[in-house]
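Comments concern the structure below.
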């Protein structure tokens, strides 16, 4: 997921001394379990919604249609607003919770916000596993969504602030790696629980979400808060001690002074959300929002949410559908590892552009095969074509997993300056959850109406986002956050026009404007 190591640098651009200490690795791994929980919630919903016992108890209308598609055909048998609400309610709740999480992240710290997320997850899991009716089920999903909102707000910031610059991208993609592992874990669980006789397999699927929920909660109790957060909340000496601990060196004074100064400047911003809209912050805001919209419009979450349902619709048997979902989940994990190994070597733009080509052609090929071979009332997709569809889906998933998946979070988190970072992260998460909700709520209906054309719809978006990347997304590889303005935005052919030197200078400092040195409040200029 996100990244952006808040490791300050001297004006000359030389990286501050920082070792890759065990406490940094352990803290990042513990924090990234928030991604494990998120991924499990994404993966488990599609599996349980394809289980006959689950459908029979909560969605009898859908259950009857799956048993006898009748006049509605294969593409429409899962088209049900209530069923989509079960999946999408989590993301709508997450969207709402993000606004509260922005406040707690700033005032209580990253660590306590992660702990709150863990508690929401645990209560939501209990309600889902014990659900007796649809209301109880939806309330459980809403609480899980609150956990997602708090975790997605705090974990990216925590990871970005604790990681050394030189391994920032790879270390922070641990969150995204855990998301993919969570999805794979959910697919494996669903494959096993679908075979349980007695109608309670779905309860086990939903209940096992308690494992990552407990890991996140315990992790939040064990990790230390980031130096940035401690200094931001006035606990300067404690922040200095933590900085020394995580950097593994006593030579932390230059970085510490940089953090203190950045915190002082950030406190001058009385209205961070209003400041986020100022001209000099427009490039970061536009790119962050665009990346979240594009990430969802690739169609990836539609595929990951509903993989078993989708494969079932295409004529795979229930077991074959779950098995195929496990395969795509495994490809997702392995490809995210590729991203971790390559993101700080080949750069962000190369991965985004290569993946755009790969995703576009794989979706077009899928659409052609389905358009020719899968009709509304066809009972089965020929084995050869079925395998080819799975291969193409895996090709699409792999491209996404080493590009738009992790980088959609990484790039925003490493481009916002400290004074707007919390607000910027909040907007990033909100936009992501809003469009995740829209896609989750609409996908099965879109599948019913568009049929195979759904893949052409998503491929057209992939084309648009690739053009956007080519012209408007700059390379941020190995650029410390505090030098983004000077080395990235001021050098970009388009965005440099938004960098006004008399308002904004190197390292995110506010310039002396109209003779006022340190008292300049950007928000007051609105």
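Cβ coordinates are placed from backbone N, Cα and C, and glycine is handled just like the others.
Summarising the annotation, TrEMBL assigns transmembrane segment to 20-40, 82-100, 112-131, 137-159, 171-192, 204-224, 285-309, 321-343, 350-372, 384-405, 426-446, 452-473. If you look up TrEMBL, you'll see 27-477 marked as domain 'Major facilitator superfamily (MFS) profile'.
Confidence over the domain 'Major facilitator superfamily (MFS) profile' (27-477), given as mean pLDDT on the 0 to 100 scale, stands at 85.
When each of 20-40, 171-192, 285-309, 452-473 is scored by its Cβ pairs under 8 Å to the transmembrane segment (137-159), the top-ranked stretch turns out to be 20-40. Against the transmembrane segment (384-405), the recorded stretches 321-343, 426-446, 452-473 differ in Cβ pairs under 8 Å, and the greatest number is found for 321-343. When Cβ-Cβ distances below 8 Å are used as the criterion, the transmembrane segment (321-343) is approached by residues 43, 46-47, 50, 169-170, 173-174, 176-177, 180-181, 183-184, 186-188, 190-191, 194, 303-304, 307-312, 351, 390, 393-394, 397-403, 405-407, 410, 477 of the same chain, each at least six residues removed from its ends.
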